[in-house]
Amino acid sequence: MTSNTFYALAFACFLTLSFLSHTGWAHRNMRKESPYEFMKLLKGCKQGDNVEGIQQLKKFLHHFGYLNQKHLNNRDIDDDYFDESLESALKTYQLNFNLKPTGVLDTETVSLLMIPRCGVPDIVDGKTRMKSAGSYNIKYAHFPGSPRWPVTKKVLNWGLQHGSRRDVIEPLAKYSFQPWVGIAPFTFNFVDGNLSIADIKIGFLDKSQGMAGNTLGFTYPPTNGTVFFNADMNWSFGATPGAYDLGTVGLHEFGHALGLAHSSVEAAVMWPYTGMAQTKHLHDDDIKGMKALYAAS
């Protein structure tokens, strides 16, 4: 299966994770509870337990690549039994995020699972360069096959999907694209109203369009160029209480658009999780990963 085919399927799955809830984005919206609130009830669960909500956890881990395709072909993915496969998947997840790989839903694991994150899978076609792969000396990761943009392009055009908020143009250019200039061998040019010449196409999806709650964004690898943000989140530029920094999340998603996959380095932009009022800048891990990807340029 090619990476683009995998991501098409992953995005379809991402849009249909019906157990996730949603909120509004154009105004400050007080979220009553996390879409992953059910995870709290799973705290302490381990192999052999049968608890309501484990089925939802399995679907979460399947989407992000931790439970492989064979689980779709049997009843195990649709029940609440904590089986050996789930324990193994959970250990891999814990390794990738620098947690003790107990295979038990301990407090630290549940707390991380409940934080909003990027919707791009951590493991693609069973492959990852995150910590579970044993690449302790190399933290950054590229997508399988290392897809990238042709360096002969020099300039990547980007634009907004129809109906997107225009007040994000200048901040995204400054905080999400500009930091990659000089790291990746491209400059970035905003094209207004002509998506046909845009290499990177940015849109905002909301609940009515199937956007999964607690997912901040989703991006296809090169050279697809499609980037989605969750329109149902509270967004801001900068560290604003009760909101997510679109500059930081954009920096992460555009890293994907250029060819970087998720990193196990928590301080890196390519770490999949982002909290409210959290801002990040490019880390050495991000820089090394991008330069390695385009090293032959």
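Note that Cβ sites are derived from N, Cα and C of the backbone, with glycine treated the same way.
Small disclaimer: the values here were computed from a predicted structure and weren't measured.
Here is what TrEMBL says about this protein:
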- GLU253: active site (ACT_SITE)
- CYS118, HIS252, HIS256, HIS262, MET270: Zn(2+) binding site (BINDING)
- ASP199: Ca(2+) binding site (BINDING)
- 145-296: domain 'Peptidase metallopeptidase' (DOMAIN)
- 1-26: signal peptide (SIGNAL)
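Taking only the Cα positions, the spacing between GLU253 (active site) and MET270 (Zn(2+) binding site) is 8 angstrom. Same-chain residues at least 6 positions away in sequence with a Cβ under 8 Å from that of HIS252 (Zn(2+) binding site) are, in sequence order, CYS118, GLY217, VAL269, MET270, PRO272, THR274, LYS280. Minimal Cβ crowding within 10 Å, among the recorded positions ASP199, GLU253, is found at ASP199.
It is HIS256, among the binding-site residues HIS256, HIS262, whose Cβ has the fewest other Cβ atoms within 10 Å in the structure shown. Of the listed binding-site residues, namely CYS118, MET270, the sparsest Cβ surroundings within 10 Å are found at CYS118. Surrounding the centroid of the Cβ atoms of CYS118, HIS252, HIS256, HIS262, MET270, where the record places Zn(2+), the chain contributes additional residues within 8 Å, namely VAL120, THR219, GLU253, GLY255, LEU260, ALA261, SER263, VAL269, TRP271, PRO272. Summarising model confidence by region, the domain 'Peptidase metallopeptidase' (145-296) averages a pLDDT of 95.
Cα separation, HIS256 (Zn(2+) binding site) to ASP199 (Ca(2+) binding site), rounded: 13 Å.
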